[in-house]
Amino acid sequence: MTVNVYDQKILILDFGSQYTQLIARRVREARVYCEIHPFNMSLQKIKDFSPKGIILSGGPSSIYDDNAPFAEKGLIDLEVPILGICYGMQFLTHLLGGVVAKSGDREYGNVQIRIEDERDLFYGLGRGEQRTVWMSHGDRIDHMPEGFEALAGSKNSPVAAMADVERRRFGVQFHPEVAHTPDGLKIIGNFLFRICGCDPSWTMASFVRKTVKSLKEDIGEERVICGLSGGVDSSVTAVLLHGAIGEKLSCILVDNGLLRRNEAREVMDVFQGYYGMDLHLVDASEHFLKHLDGVTDPEKKRKIIGREFIRIFEEKAKELGRAKYLAQGTLYPDVIESVSFKGPSATIKSHHNVGGLPDVMNLELIEPLRELFKDEVREVGVELGLPRELVMRQPFPGPGLAVRILGEITGERLEILRAADAIVRDEIKMAGLYEKVWQSFAVLLPVRTVGVMGDERTYENVIAVRSVDSLDAMTADWSKIPYEVLGRISNRIINSVKGVNRVVYDISSKPPSTIEWE
Ligand code: XMP
């Protein structure tokens, strides 16, 4: 089921740039709705999408490459403003009969450009002014297509920006979407507001209003089931649906026994207690522990947990009676990863938050957050009145503490990890770091070390503390937590968690390590 609730849309055609998502982020920050689609989106689909403007992204190719990505030629005849960025500009030039010079050397990094025309794209930047921009290109424009004028030039690129103002075709050789181009947001804003005539009306309040309305209409009298984990995405999904269909929504919280201390209780309190949702807690701790008995291989653990989760969820859903839809908290980056650049026909990674459930249960999917980035989801959460604690929660893996207990999972080892993890969370929060780092947690290692407590020799467990800084979990660096905070964490764990006599801090980045230890 697709929910389409926006009137002013910008279309971003993706030619494979590592910055394409950033373009979308910037457009959204300017409060205009946009979507990323593959470069080969059909003309008919583009027309159906009915954009107020089109942005052609950069890309790693040269237009002279054998397999260079080309968008539909008819694009150029549309009565819609177009902005080409880097490869997008070169593609535009090529398509309109200009000449792109093949160059072996890349121009890379901060470059000064001189603004020659500040009427449209560079409005407010000052004619004759030098501005810093970020360049990363090989080829450049040798001859502009007919009707175009240069808007700015740099030492190596006489045509650093160009336009056919009458036909509203613009191109920039640099990347306005990256932070290294300080005036980038202004330039993108000029394109959106001055050239495309958009309004800054994409707010999370408008998203909530429109989404609730269309969910209500589309779902009608049917019932919806939603798996609730207490994570940001599933929580916001559930509250949004609850606002739309109230009692026709049933949520299931599976306690797999691998949650953090008090987690299930806290989730119940918020959603059942505060929102009055129809929320069913299934305590399956024993069940999961039994199936994980003696299992030490990380992938086996994941498989077992995934399989049993589906089994339990399905059982409970059947018990609750007939539902037509299953709600999931899929986010936009997952959707882009699935369809962008290579196009919808390429083999894609499937992103099922609750792996495979719809197939098994014959349910249709509802994914009300599939157009949103994570920070937008958090804004929606705030808009819906979710507690800040929940909205700002760090990510927590589906398999839970199972992938943070190296080796065998037992009730006793879970208790040790829970106690240590609660201390890490507590200290990180007290130091004001919880919302600054991406994730911070404890890991229980499968080794014992010798220690001394009082006059006694001890031979006990080691806890590793992991904290990373990251933007998207694809890459991460270990957080530079102040020594005093690490010291307090270590003291508290060793003094109060029975069975632990040593704490170490993980100083590995991703890659080559990963964030989780398993
Ligand atoms: P890694 O360890 O691969 O983690 O660097 C990247 C991000 O994904 C989370 N993670 C998982 N989430 N199921 C999940 O739902 C999993 O099996 C899983 N493994 C890792 C991890 O916490 C981090 O945010």
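Glycine too: its Cβ is placed from the backbone N, Cα and C atoms.
Whatever TrEMBL says is automated annotation, not expert-curated.
Per TrEMBL, the feature active site, nucleophile maps to Cys86. TrEMBL lists His175, Glu177 with the feature active site. Taken from TrEMBL, the feature domain 'GMPS ATP-PPase' covers 202-393. Marked as ATP binding site by TrEMBL: Ser229, Gly230, Gly231, Val232, Asp233, Ser234, Ser235.
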Mean pLDDT across the domain 'GMPS ATP-PPase' (202-393) comes out at 89
Cβ-Cβ distance under 8 Å, sequence separation of 6 or more, same chain as Ser229 (ATP binding site); the residues meeting this, in order, are Ser235, Leu253, Val267, Phe396, Gly398
The rounded CA-CA distance in Å from Ser234 (ATP binding site) to Glu177 (active site) is 30
Cα-Cα, Val232 (ATP binding site) versus Cys86 (active site, nucleophile), nearest Å, comes out at 36
Around the recorded ATP site (Ser229, Gly230, Gly231, Val232, Asp233, Ser234, Ser235), other residues with Cβ within 8 Å of the Cβ centre, ordered by sequence, are Leu228, Val236, Thr237, Gly329, Leu390, Arg393
Rounded Cα distance, in Å, between Gly230 (ATP binding site) and Cys86 (active site, nucleophile) is 42
When each of the binding-site residues Ser234, Ser235 is scored by other CB atoms within 10 A, the minimum falls on Ser234
The answer, for which of the recorded positions Cys86, Val232 has its Cβ ringed by the most other Cβ atoms inside 10 Å, is Cys86
One of the recorded positions Cys86, Gly231, Asp233 has its Cα closest to the Cα of His175 (active site), namely Cys86
Cβ proximity for Glu177 (active site), under 8 A, sequence spacing 6+, ordered by residue number, returns Tyr19, Leu22, Ile23, Arg25, Arg26, Ile85, Gly184, Ile188
Gly231 (ATP binding site) to Cys86 (active site, nucleophile), Cα to Cα, whole Å, comes out at 38
Val232 (ATP binding site) falls, by three-state DSSP, under helix
As a whole number of Å, the Cα atom of Cys86 (active site, nucleophile) is distant from the Cα atom of Asp233 (ATP binding site) by 34
